[in-house]
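The following features are taken from TrEMBL:
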- D45, D84, E114: Mg(2+) binding site (BINDING)
- D45, S46, D84, K112: 3-methyl-2-oxobutanoate binding site (BINDING)
- E181: active site, proton acceptor (ACT_SITE)
Amino acid sequence: MEQITISTLNNWKKSKQKIAAITAYDFSFAKLFFTQGISVMLIGDSLGMTIQGHTSTLPVTVQDIEYHTKAVRNGAPNAFLLADMPFMSYGEINQALNNASKIIQSGANMVKVEGGKWLVKTIKELSDRSILVCGHIGLTPQSIHYLSGYKVQGKNTYDKNRIIDEAFILEESGIKMLVLECIPELLGKKITQNLSIPVIGIGAGKYTDGQILVMQDILGINEGKLAKFAKNFLVDSNSIQHAIQKYIKAVQTGTYPQTIHSYI
Ligand code: KIV
């Protein structure tokens, strides 16, 4: 398969081809995912929980992201890789430039940052130096203490308008992709329809340009109280390969997410 680039993803948005993305943290799974047809992978700071066993993403370091990005790149040389900038690794502009360059040098195509207006200058500075940036708004796990837990965002009019404003401001600042997490479906729809960049949702309803899930949720490995949007695709499959194919098909045909996976 040819190298997936940001132009590929923009074309998919234009032609309404849905993007089925997944988190990946190592060589073997990255290879398997790409072979089954996953073109976009996120080296997410969710690795703090899924790989390292912490209760949040906060302890993850730039070195951790570099290490896992290298492994994923080795497994999926032609995939489009976005990698998280960890908590407080982009609080100051010089620090952001320094850390983003390390992550890009590890093999990522794009870095992802969580937050709204305060990131305007950082995004401009990164973009001016040709670093592709993905925004992440709605539920932002790096702000877990500030938000008092993993809760749906944008439920009242004030918060809805704030999230819409943030999406526009981030696009104007130069982000080339946006992740929306845990927001009402119609808010996800409105933002997706009004931005020209690809918008990927996780718990943001069925109208976004694509979906992303944590691989452990797709494979039913996470236990306990799961998020509403989590779906185990392995449960009715005879192999991991088959589960991944089912996930891609469900996203592309619009059978995932359904109402039970979405917030109103
Ligand atoms: O770290 C992660 O896995 C993420 C996804 C939840 C989008 O940011």
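Note that Cβ sites are derived from N, Cα and C of the backbone, with glycine treated the same way.
TrEMBL labels come from automatic prediction, so no person has curated them.
From a predicted model like this one, the values you see are computed outputs, not experimental measurements.
Counting other CB atoms no more than 10 Å from each candidate's CB, the recorded positions D84, E114, E181 peak at D84.
Looking only at Cα atoms, E181 (active site, proton acceptor) sits nearest to E114 among the binding-site residues D45, S46, K112, E114. Note: the Mg(2+) site is recorded as D45, D84, E114; in the same chain, G44, S46, T57, V60, M85, P86, F87, K112, V113, H136, P141, Q142 also have Cβ atoms within 8 Å of that site's Cβ centroid. Look at the Cβ of each of the binding-site residues D45, S46, K112 and count the other Cβ atoms within 10 Å; the largest number goes with D45.
Each residue contributes its Cα atom, and for D84 (Mg(2+) binding site) and K112 (3-methyl-2-oxobutanoate binding site) those atoms are 5 Å apart. Cα spacing between S46 (3-methyl-2-oxobutanoate binding site) and E114 (Mg(2+) binding site): 13 Å, rounded to the nearest whole number. In the three-state DSSP classification, D45 (Mg(2+) binding site) falls within coil.
Counting in whole angstrom, D45 (Mg(2+) binding site) lies 10 from K112 (3-methyl-2-oxobutanoate binding site) by their C-alpha atoms.
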